[in-house]
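Per TrEMBL, these features apply:
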type: BINDING; residues: 38, 43, 49, 278; note: [4Fe-4S] cluster 1 binding site
type: DOMAIN; residues: 50-267; note: domain 'Radical SAM core'
type: BINDING; residues: 64, 68, 71; note: [4Fe-4S] cluster 2 binding site
type: TRANSMEM; residues: 254-275; note: transmembrane segment
């Protein structure tokens, strides 16, 4: 059956870019052989973040071992690990005068540890040289290897560990094939058990076929698994070839989600149409308005 395209509502607004600043950041990233999830995933906030000299570095290459229908990251044969990547990241921190960095990665199901050791090396290298820089990692689920990954990631601790649940349990087969709702929740809980001083964080996207009652259930599940920070945003399909949008959620509904999160006791809540888990992550960590 042919999908009916939903028209973009008036509250989804993107800023006009300042191309010189965007070009400047992209050039510096390419010179240091780095990728950003902002570019690879076609994030709607890329213009605003790049204008403010903010980006989320994506390590372990730009090709993913999974092909989730909502995601615009390339799928295919993975890249070789760039063992100089921790130092390439440090170079860009200096050039852009970054004090708070978010590091994420593609899924690397081909690696014995899912890429956890490379995350750890990046964290360790930054902490050894720049103790004042705050580090947030947005990790994959390390499918079937989470015990190994957690053991590695507790050695070099970030300031914030984020893993996005993304959607409700019943939609995982459709939205996150290859993922497991309960394994993802357990990853967050287990890391918090080992590292109680490290803030944990998770994110949801709405508009992929869920209803508000189901979203509230996920929010409660996330809180039960010891998560401190939560982000909730509108799913926006990268193209007509990706998972279609099922509904546009009104800003008032995002405010309703935020009230539920507040009642449940999250330390910080970011909820709005264009919210993404790494969007103004520094403000989310420090509890500042975004």
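Even glycines carry a Cβ here, placed using N, Cα and C.
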Per-residue Cβ crowding (10 Å cut-off), top of binding-site residues 64, 71, 278: 278
Task: Using all protein chains in view, find how many other C-beta atoms are within 10 Å of the C-beta of residue 68 ([4Fe-4S] cluster 2 binding site).
output: 19
- prompt: With a radius of 8 angstroms around the mean position of the C-beta atoms of 64, 68, 71, what other residues of the same chain does the [4Fe-4S] cluster 2 site pick up?
  reply: 66, 67, 70, 72, 73, 75, 106, 107
- line: Spacing of the two Cα atoms, residue 68 ([4Fe-4S] cluster 2 binding site) and residue 278 ([4Fe-4S] cluster 1 binding site), in whole angstrom, works out to 19
- prompt: Measuring Cα to Cα, how many angstrom lie between residue 64 ([4Fe-4S] cluster 2 binding site) and residue 278 ([4Fe-4S] cluster 1 binding site)?
  reply: 19
Assigned conformation of residue 71 ([4Fe-4S] cluster 2 binding site) - DSSP reduced to three states: coil
- request: State the mean pLDDT for the domain 'Radical SAM core' (50-267).
  value: 93
